[in-house]
Every structure is written in C-alpha cells, then in structure tokens.
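These notes concern the structure reproduced below.
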C-alpha cells in the first residue's frame, strides 16, 4: 500500500512538472513567434481572433472525428465560463493598450506583479493561507520585478494604468480558470474550447470598433502570396493552441499561482533573450540585480511547492481524480 501511494505521488508530481515546463516553453516561444508575425502584420487583434477561431475549429473537428472526448457545448457551462472569457479578453486588450506607451522590458516587469495579486486573491476567496515559504518566495519575486523596473524606468501614466489594469484582469482570469476546472470537472481541452468559442463575439466587436476590420483582412489576403509569411502565421496558430492548452493544463493540475510563477520565469528568459536578439534597451545594474532576485524567488517557490506536494500525495491525487470526473 505504501509503495503504491509513493508511485501515485511520483506520477502526479511528474504530471505537474511536465505541465509547468510545457507551459513555460510554449509561452516563451509564443512571444518571439508573435513578434515575427507582427513585424510583417501589425493587426494584433485580428491575429488573436484568427488564433481563437483556429482553436475552436480544431477542437470541433477533433471531437467530430473522435480524437478527443471533449463534451459538446452546454449552455449552463457556457454561462459559468463566460466571465473567464471576458477577463481573458480584457487582460489582452489592456495589455495591448499598455504597450503603446510602455517598452517591452518595463511591460514584462509590471506583469510580473501578477503572482502577488493571485496570492492575495486566493486568500480573500477563501482558498486558505499559503505556507510562509510560499508567501516569502512570491514577495521576493515581486521585489525583484520592482527593482528590475526601476533600473529601466520611463514613466508613462496611461501605459502604467493600462498595464496594472491588465494585471488585475489576468489575476481574476487565472483564479476563475482554476475554480471552474476544480468545481465543474472540465478537462483542459474543454475549458480551452469554451474560452476560445466565447471570446469570438467580443474579439470580432473589438476589431470592428478599433478600425482593424476590414483592412486587416485585405492585408492578410495580400500577404497570402508570401510563403514565409504563411509559414510563420501557421506556426503562430499552432503555438497559440499549444499555449492555451498548456496554460489551462498547468492551472488545473498545479494552481493559478504556479501558472503565474512559470509565466514570471518565462518573462525572465524572454527579457534576457530580447536584450540580445532585439537590442534597443540598455542594460543597467538594477535590471540584472532584479532579474537575479526574481529568479531566486521563483526557484524558492518551486522548492516550497514541491515539499508541500511531497508531504500530501494522497490529497493531490484526490484533486486530480475530481478533475477527471
């Protein structure tokens, strides 16, 4: 019995690690792939709409061909998950607005404050008080973000307000995703489908009122003669689906806070590579110091969560079984 319980715990720990690493890799790759697309096609909202439409159609086709056991559309479930889709799209919309006045390193630094917001939201939502190590590691991560931000400071009130509002909506989005997966027993594919499907009306409304449509579609058809553009566009669609799946999977088998911490560590890698690959932003001592502190906080958090899961393997498996029902 003891040996079986140990194997179960190790198996579940492997799944948690795989989900976190997959999300981190997909998320980091998506930053550079989207950048490559947007260098040739600047209509970001139209690109997001196409990615969500591709996700919806792929899941529908896969279900029709029997490749996935995802259930069909249920109106009661759609109503419960509608706020998730609203917060997701609000997060993206405010994030895009913030980039008009905030440079990329500063934008990433502000978004790294999300783990602290998720931690506070979890306490107020009755999830319970995290361990001291988890609290301190998240605070350390946030402190590193602030220090790194001070090292590359270019104040823009509108941009900062938009970025902080995006942090709020991302926090609510992640917490709701975790709650919907735990309470309703939906798989990561099902949550991904509802999120993509429910986002389409909102995204179509956005590309119309922002003036992207119909010029964005005309430009897309004009660029369809370029093989290199079509290749990178197809890659962005595939990676967009992979990113959504791994993000929901990571949130369900781990937690919203774990997903956010992985995003923070991904941001460290993206920022570092961005300095070398793209240039244009000078590196200061405070930037390096902040990134080191940020990474240390993430490593500390990972260790704390590992120790927590190691001591409670039976509870973890009961949670996973509840997700599969």
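Each Cβ is built from the backbone N, Cα and C atoms, and glycine gets one as well.
Annotation source TrEMBL lists domain 'Sugar phosphate transporter' at 19-302.
Look at TrEMBL and you will find 12-33 (among others) tagged as transmembrane segment.
Among the features that TrEMBL reports, transmembrane segment is placed at 39-61 (among others).
Residues annotated as transmembrane segment in TrEMBL: 81-98 (among others).
Among the features that TrEMBL reports, transmembrane segment is placed at 131-151 (among others). Counting only same-chain residues 6+ beyond the ends of the transmembrane segment (131-151), those with a CB under 8 A from a CB of the stretch are 105-106, 109-110, 112-113, 115-116, 119, 257, 261, 264, 284-298, 300-301, 303-305, 307-308.
Annotation comment: TrEMBL describes 157-177 (among others) as transmembrane segment.
Positions annotated as transmembrane segment by TrEMBL: 189-209 (among others).
Annotation source TrEMBL lists transmembrane segment at 229-249 (among others).
Here TrEMBL flags 256-278 (among others) as transmembrane segment.
Sequence annotations record features per position, and here TrEMBL assigns transmembrane segment to 284-303 (among others).
With respect to Cβ pairs under 8 Å, the transmembrane segment (229-249) is most closely packed against 12-33, considering the stretches 12-33, 81-98, 189-209. Averaged over the domain 'Sugar phosphate transporter' (19-302), the predicted model has a pLDDT of 81. Long-range contacts of the transmembrane segment (39-61) within the same chain: residues 68, 70, 92, 96, 189, 192-193, 196-197, 199-200, 203-204, 206-207, 210, 212-213, 215-217, 219-220, 223, 229, 232-233, 236-237, 240-241, 244, each at least 6 residues beyond the stretch ends and with a Cβ under 8 Å from a Cβ of the stretch. Contact counts against the transmembrane segment (189-209), taken as Cβ pairs under 8 Å, peak for 81-98 among the stretches 81-98, 157-177, 284-303.
Sequence-distant contacts of the transmembrane segment (157-177) (same chain, six or more residues past either end, CB-CB distance under 8 Å): 83-84, 87-88, 90-91, 94-95, 97-102, 107, 110-111, 113-114, 117-118, 121-122, 125, 191, 248, 251-252, 256, 259-260.
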